Structure formats: structure tokens, C-alpha cells
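Taken from Swiss-Prot, the feature region 'Binding site for the cap structure m7GTP' covers 54-237. As annotated by Swiss-Prot, Mn(2+) binding site applies to Asp381, Glu383, Asp527. The Zn(2+) binding site feature in Swiss-Prot is assigned to Glu391, Cys498, His501, Cys523. Taken from Swiss-Prot, the feature site 'Important for exonuclease activity' applies to Asp458, supported by sequence analysis.
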Amino acid sequence: MSNSKEIPSFRWTQSLRRELSSFTIPVKSDVLKDAKMIADGLDFSQVALVQRVLRKTKRTDGDLDKLRDLNREVDNLMAMKSAQKNTILKLGDLNKSELMDLASDLEKLKKKVGQTERSPVGGVYLGNLSQSQLSKRTDLLRRLGFQQPQVRSTGVVRIWDVADPTRLNNQFGSVPALTIACMTVQGGDTMGNVVQALTSLGLLYTVKFPNLADLEKLAAEHDCLQIITKDESAINISGYNFSLSAAVKAGATFLDGGNMLETIKVTPDNFSTIIKTVLGVKKRENMFIDERPGNRNPYENLLYKLCLSGEGWPYIGSRSQVKGRSWENTTVDLSLKPTQGPKAPEKVGLNVRLSHLTEIQESVVREAMSKINPSHTTWIDIEGTSNDPVELALYQPESGNYILCYRKPHDEKGFKNGSRHSHGMLLKDLESAQPGLLSYIIGLLPQDMVLTAQGSDDIKRLLDTHGRKDLKVVDVKLSSDQARNYEEQVWSDFGHLCKKHNGVVVPKKKKDKDPSQSTEPHCALLDCLMFQSVIDGQPPQIKLQSLLPEVLLFTMKPAFAI
């Protein structure tokens, strides 16, 4: 998987700075105007109160109200802010490939953020729980004692125990004007000294990410930096805390010639151009969404901030009055014309059989395929080779709908090898597989649809064989261990959906003789369920529904032979 690579974070940052320089503008004077307005107009006794709230181990709806009220006061005092501007990007704003790339990355970002906010890392609770999870947790804490450590940790478990977790959205994150005002007023220093100190941090940021060792050296020259906390930043406790990242961001706003990402201003007129430029840099630098829970890499951070609001200051403006998340406020319209693609014949000379269905059978298949929503995540997987597939599965996790069909192989020797080492299907079980069904299904996939796969090469070859070059395949690139993480549970819960994998699977001999190799057969449908389970962190929780009737999958067998 891509996230196994070492991420060259600062190189990515420099590349993004260079390519997006035309969208940056000098902001020092505007930031200082807002900082002075906050320093003069904000009640800092309320700031101190909210800072105490953020240090509490358990925070309630009342505490959240205090934070939201103070954020509203700050927003009212500022000129630099992001506006609620929901954007739908369509063909014309970006080309087809860019739209699909953006849609895929926003979906991955959504899943990453969700996993991060639910992962207790380093003893610090990192986010929101559902109401049912809150209830279970409350009962658990009552029975076990709140202060008892639940995980090995030297940190403090910080909990937002609120009825509506969506009220937490966009209430955190640092704002340079606020950081400067708080350092000035609460640090008892002059704003001029604070600006000089933060400028030094900003200059250092042009060549590296400043760390705590750098901070210690600079604090010897700028006493006002002593206020910066040495604690590691965590999700949902920032905003009014004096973190190093907040100070660095503030320092970046003072560098007019540094092409800093922090000084980007987004407008409805330049939004799609900025996104297009970002996707271009991503492609050249091989950037990606690292789906492991944790801090965002530079590309993820920029994409999240840009897509949160289509108008304003993505990094440094007040965002507390913006509702929704990035993947909600910026959406991609991939289904302007969800017309079905042509039923293209296979190319001559390849080992894919073409057989015709009856009109009634075609009508049933068309009815089933009409229930495939082109805007939903759609997994695709096959067993067999791309030019001689024996099983095809499509699965949409949002609805639980799936398509599963079979095909008699042309290459029996290759099939038996695949059966022994992979799918465990038996030739006798596929003798009566409905001819032409697999090809007809591929031909009915909606035009320009985005498909999700674990390993895309064979899928792309299969689609190309059927003349479906319009279809986009997104490869999640899970490691082999990750992909099979839910294998046992998925087979236990859903094995009854696929009864054609009855052979014995023997792992291929390898030099390292890995004892962990699975002997479970590979089923196209169950593999799709496993891959989605890895992303969700649990097996499917909804009822699965086959869109094709069982009677259509195989030809009728005679009751007796003459």
C-alpha cells in the first residue's frame, strides 16, 4: 500500500508552495489588524476560562457552549475568515480524470479522519463517538472507575461527552491573529516582540519544520516564546493553547516573499484552478492519502483546508462558523449523465467467451444493474485471470447491494492451477454457468463510473477487453496482511452467500515458508467484503442483497439423461 512509503513531508510542502505561489498574497498587515482587534476587544477572562475547559479530562455540552460562544466572539472581531461556500465541481471545472481523482481522495480523507478521531492513541482520546458508543462508554466508566487507565499510557484521556458531536466540527485549529493576541495579552509582552519572535520561527519554517529543540534555542533569544507548550499537540484541544504548530503558522504569515501555503486566499473564481493545480502537483510528486489514522501529511492537510470552504483563508482565517466537513462542503458530480455504457463485444483472439442471453434474461439483468448507484463506492473483484475470468463480483457497501456471477473457464489447466492455489472453485460447479452473463454485466456498468479494487491491473485489463476504457479503477493498495485481516470473520458471517468455493486451497511454496499464509479460498464477493471491512474497521453491519436471481446464474440442468 502507498502508505508504506516514507513520506517526504517537507519536499511535498516546498513543491506545493512553489506551484501555488500565484494564489498567495501578503497578509501581514491584515493579520496584525485582526490581532489588535482581538487583543483590544476580547474578554480574556473568558479566554482563560476556555483554556481551563480544554485542560479538563471530561468536557460536557456546557463546556462546548463556552468554546463556541468565545469562537463566535473571535469571529465577529476578525476580518479574515472563511465563508460557508459549498461547491459542486463538475466536468468543465476539472477534467474527468481529475474529478475522479479528487472524489477518491476526499473519500479516503473522510475515512482517515473518521478513524483518527476514533483511535485512542498515546493515551489521548482523539475525537467523537456516536450516541450509542457514548452510552456504552458511560456505563463502562461507571463500572470500572473513570480514572482507571484503559490503555497503557502516560497521557491523559480527554473526553468530549456531548449529545451532538457535529457541534465540535470546526471549533478547533489555530488562527494566527488569535495566537498573536493571546501571546501578547496573556504573555504580558508587546505585540512587536511577539511578531519578531514568530518571524524567526517563520523564517526557519522556510527550510525545515521547526521542532522543540529549535524552539528552545529561539526562546533564549525571544523570551516571549517561553509561553509555547512543550506538549505534543492533539486533536480537539487546540485553538487557544500555545502549541508550536500554532506559533509556526503565525510566523508564516509574516513572510511576504516565502510563498507560504498559509497565505493562500480562495475565491469562487479561483477555487477550481487551485484544486486543479494541487492535483497536478500531487501527480508529479506521487503524493497520496495515507489512510492510516494519525496526523495529516501536507497534501492531506491542504486538501482538507481547501475543500472545507470555497471562499476565504483556508489556513489562517476564522473557520468556526463554517458548518460541515470538507467532503460535505466540496462534492464531485460524477453522474451528470449516468447512462449505461455500450455492450461492447470482446476483442477477437482473447479467451473471453461471448454468448447471447434471451431477451427476458437481458431484461432481468438490466433491472438489476439499474440498482447500481454510480455515485456510491463500488467494489469490483474477479477470480481467474483477466482474459479468462470465472467469477465477478460488484459490491456497494452503502446499500449492501451486490452482483455475483460465474463463467465457465476456457483454459482448464490454468483454471485448475488457480483453483489449487487461490479460489478453490471446481470445474464441475461451473459447467452450467450462464454463458455471456459476465460480459453483459460489464457492458451495462454506467458510463464513466468509478470502481474500487484491491489490485487494479487485472481489473483494468478485463475492462479494456470489454471496450470499457471509460471506467476508472481506484486501487486501494492494501498489503496482503491488511487485506485478509477480516477473512475469518467474513467467511463465518457471509460464507453462505457463495457456495462455489469447495476445493482445497494449498498455499504456494515460498522460500521464506511464511506460516501465516491463508488456506481459505478467495471468493470475489467475500474479498470485496473483506477489503471494505478493513476500511470500516468492522465487517458489514447491514443486510446484503443479491441483485441477480439465483436461477439466472446457471442454465437449467436436465432432470435425467437419455
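Every residue, even glycine, has its Cβ placed from backbone N, Cα and C.
Keep in mind that what you see is a predicted model, and the values were worked out from it rather than measured.
Feature map: Swiss-Prot annotations on the structure.
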residue : record                                    : DSSP (3 states)
Asp381  : Mn(2+) binding site                       : strand
Glu391  : Zn(2+) binding site                       : strand
Asp458  : site 'Important for exonuclease activity' : helix
Cys498  : Zn(2+) binding site                       : coil
Cys523  : Zn(2+) binding site                       : coil
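Taking the Cα atom of each, His501 (Zn(2+) binding site) and Glu383 (Mn(2+) binding site) are about 11 angstrom apart. Around Asp381 (Mn(2+) binding site), the same-chain residues at least 6 positions away in sequence with a Cβ under 8 Å from its Cβ are Leu392, Ala393, Ala453, Gln454, Ile459, Ala524, Leu525, Asp527, Cys528, Phe531. The Zn(2+) site, placed at the center of the C-beta atoms of Glu391, Cys498, His501, Cys523, has further neighbours from the same chain whose C-beta lies within 8 angstroms: Glu383, Ala393, Leu404, His423, Gly424, Met425, Lys500, Pro521, His522, Ala524, Leu525, Leu526.
The two recorded residues, Cys523 (Zn(2+) binding site) and Glu383 (Mn(2+) binding site), have Cα atoms 7 Å apart. Candidate recorded positions: Glu383, Asp458, Asp527. Fewest other C-beta atoms within 10 angstroms, Asp458. What surrounds the Mn(2+) site, by Cβ distance within 8 Å of the Cβ centroid and not counting Asp381, Glu383, Asp527, is the set Ile382, Glu391, Ala393, His423, His522, Cys523, Ala524, Leu525, Leu526, Cys528 from the same chain. Summary for the binding-site residues Cys498, Cys523: the Cβ-based neighbour count within 10 Å is maximal at Cys523. Residue environment of His501 (Zn(2+) binding site) contains 23 other Cβ atoms, counted within 10 Å of its Cβ in all protein chains. Cα of Asp458 (site 'Important for exonuclease activity') to Cα of Glu383 (Mn(2+) binding site): a span of 10 Å. Around Glu391 (Zn(2+) binding site), the same-chain residues at least 6 positions away in sequence with a Cβ under 8 Å from its Cβ are Ile382, Glu383, Gly384, Leu404, Cys405, Tyr406, Arg407, His423, Met425, Lys500, Cys523, Ala524.
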